[in-house]
Amino acid sequence: MSTTTPPGQSALPPEAWAPLLRLSRLAGRPLERFLHIEAASGILLLVAAAIALLWANSPWAESYAHFWHTPLGIRVGDFTFERSLEWVVNDGLMAIFFFVVGMEIRREVHQGELSELRRAALPAAAALGGMLVPAGLYLLLADTPDTRSGWGVPMATDIAFAVGILTLLGSRVPPALRVLLLALAVIDDLGAIIVIAVFYSSGVAITGLLVAALGIVGVFAMQRFGVRSKWAYIVPAFVAWAGVYSAGIHPTIAGVIIGLITPVRTWLGPEGFVTGARTELEHIAQAQPGELSSHHLSETLRRVDAARREAMSPSESLIATLHPWVAFGIMPVFALANAGVPISSEPLDAASWTVALATATGLLVGKPLGVIGACWLALRLRLATLPKGLGMRELLVLGSTAGIGFTMALFIAQLAFTETKLLAAGKLGVLAASGAAAVVALVLGRWLLTTSARPGAARSVDEAERSTAL
């Protein structure tokens with residue numbers, strides 16, 4: 001059988017080539033792939049939140065609470081560990097979400113928008129303003145002993161919903177605005193993680209910290225000894241999670257720490273992969289007809305696949321593997337478990353009304369004011385410069401989009417409020433403000449943004465990320 005491919009034709013079957021070509025192009029643009037997944041995830045999050053709200057306010061509302069409080073546990077001899085299904089989602093599955101967040105932060109610091117000070121200045125200023133102003137506004141409106149603990153709720157931006165809104169605006173949104181929003185959200189997440197670790201954790205138990213340190217050191221040691229199998233890291237990662245939990249710190253912090261220490265450098269690199277793959281494939285090409293056995297072919301393909309695997313950093317590989325599961329599995333389940341707020345016809349009491357109003361105001365008013373004001377101040381003081389293709393119109397849309405604070409805001413609300421009525425009020429404020437912010441962002445985007453790009457603007461998100469024009 002001839003192995004010669006006519007000029008201009010693919011060696012792959014026609015029916016397989018087109019989708020594989022699209023897949024390879026998408027895989028070759030990691031940031032665009034990330035934003036595609038986030039946009040689709042935002043739609044799924046909206047559906048999950050709507051289902052939760054309808055379920056919690058339907059004739060079957062009791063089944064909603066009963067379902068999420070279903071006890072789950074393990075028993076080994078005299079040892080019993082039992083928690084509710086809601087706890088499994090919020091403290092267990094969300095640790096994987098925070099693990100991916102930790103890796104994304106590390107990647108951005110290593111090679112993304114946060115890798116250079118002059119590139120990171122604008123999103124850092126925007127994120128800082130977008131955290132401080134909402135928190136300050138919340139405390140201004142809800143500075144009582146019962147309500148002030150919720151100051152951290154309106155601080156974070158939900159990247160999935162925010163990217164989904166920008167996607168609905170289509171070609172009006174310049175790629176540089178998407179990249180700036182992503183960098184802002186990454187710093188927002190980092191700020192929220194610090195807030196959770198410092199302000200929303202109970203008293204620290206030293207024994208638990210020692211167990212957590214043992215797990216983290218185990219992960220680090222395995223990395224240093226070159227352990228490649230992802231499955232091998234499950235045991236030390238679980239030890240770290242259990243230690244952080246028993247220490248009185250929220251266990252999702254363990255996911256963040258392990259994500260931050262996941263290597264972002266490749267073992268082989270692009271050049272090494274090209275050299276290795278070319279060498280292996282040349283051996284096949286030089287074989288005489290009948291000399292190439294299926295065993296030799298499979299061994300060659302195995303080595304090429306190993307080279308492909310080693311050409312990707314562990315962080316990049318894990319993000320590519322876990323991000324779809326987090327975006328389309330864990331986050332919608334979290335929304336389903338936490339967005340079911342009973343809406344009563346009875347008026348809220350004073351404390352609940354204060355929490356709902358302060359939370360909604362912090363997100364809907366404080367976020368845009370903080371983001372836009374901090375950007376203006378940083379530009380005025382020449383601490384940062386705008387990316388090519390962006391102006392104040394785009395920053396107005398950025399600020400309004402940043403007011404969508406769904407996943408992280410609901411998560412912090414779970415930690416901030418111990419009283420059921422205050423937790424429900426906080427969630428109600430988050431849902432109302434996020435919905436209103438989404439509408440405002442869409443209206444402003446349609447009004448302020450045009451389909452014609454500014455001179456010098458990047459044409460894709462990866463080109464915008466690579467640009468050093470900041």
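Heads up, the Cβ atoms here are built off N, Cα and C, so glycines get one too.
As annotated by Swiss-Prot, transmembrane segment applies to 34-54 (among others).
Summarising the annotation, Swiss-Prot assigns transmembrane segment to 85-105 (among others).
What Swiss-Prot lists as transmembrane segment is 121-141 (among others). Long-range contacts of the transmembrane segment (121-141) within the same chain, counting only residues at least 6 positions beyond its ends with a Cβ under 8 Å from a Cβ of the stretch, are 113-114, 148, 150-157, 180, 183-188, 191, 354, 357-359, 361-363, 365-367, 369-375, 377-379, 383-387, 398-399, 402, 470.
Marked as transmembrane segment by Swiss-Prot on the basis of sequence analysis: 150-170 (among others).
Per Swiss-Prot, transmembrane segment is recorded for 179-199 (among others), and the stated evidence type is sequence analysis.
Here the transmembrane segment (202-222) has long-range neighbours at 232-233, 235-249, 254, 257-258, 261, meaning same-chain residues at least 6 beyond its ends whose C-beta is under 8 angstroms from one of its own. Per Swiss-Prot, the feature transmembrane segment maps to 202-222 (among others).
The transmembrane segment annotation in Swiss-Prot covers 241-261 (among others).
Swiss-Prot lists 317-337 (among others) with the feature transmembrane segment.
Annotated transmembrane segment per Swiss-Prot: 357-377 (among others), in sequence order.
Look at Swiss-Prot and you will find 395-415 (among others) tagged as transmembrane segment.
If you look up Swiss-Prot, you'll see 423-443 (among others) marked as transmembrane segment, on the strength of sequence analysis.
The list of residues near the transmembrane segment (241-261) in space but at least 6 beyond its ends in sequence, with Cβ under 8 angstroms from a Cβ of it, reads 91-92, 94-106, 193, 196-197, 200-216, 219-220, 223, 415. Residues 45, 49, 90, 94, 97, 126, 130, 150, 152-158, 160-162, 165-166, 169, 173, 177, 180-181, 184-185, 188-189, 192, 195-196, 200, 250, 331, 334-335, 338-339, 359, 363-364, 367-372, 375-376, 386, 423, 426-427, 430-431, 433-434, 436-438, 440-441, 444-445, 448-449 of the same chain lie 6+ residues outside the transmembrane segment (395-415) yet bring a C-beta within less than 8 angstroms of a C-beta in it.
The stretch in closest packing with the transmembrane segment (357-377), judged by the count of Cβ pairs under 8 Å and taken from 85-105, 150-170, 179-199, 317-337, 423-443, is 423-443. If you look at the transmembrane segment (317-337), the same-chain residues 6 or more away from its ends with a CB under 8 A from one of its CBs are 27, 30, 33-34, 37-38, 40-41, 44-45, 47-49, 51-52, 68, 85-86, 89-90, 93-94, 96-97, 99-100, 103-104, 107, 160, 230, 262, 309, 406-407, 410-411.
Through the fold, the transmembrane segment (150-170) approaches residues 35, 38-43, 45-46, 130-131, 134-135, 137-139, 142, 177-178, 181-182, 184-186, 188-189, 191-192, 195-196, 199-200, 327, 331, 355, 358-359, 361-363, 366-367, 397, 401-409, 412-413, 416-417, 422, 426, 429-430, 433-434, 438, 441-442, 445-446, 449, 451 of its own chain, all at least 6 residues removed from its boundaries and within a Cβ separation under 8 Å.
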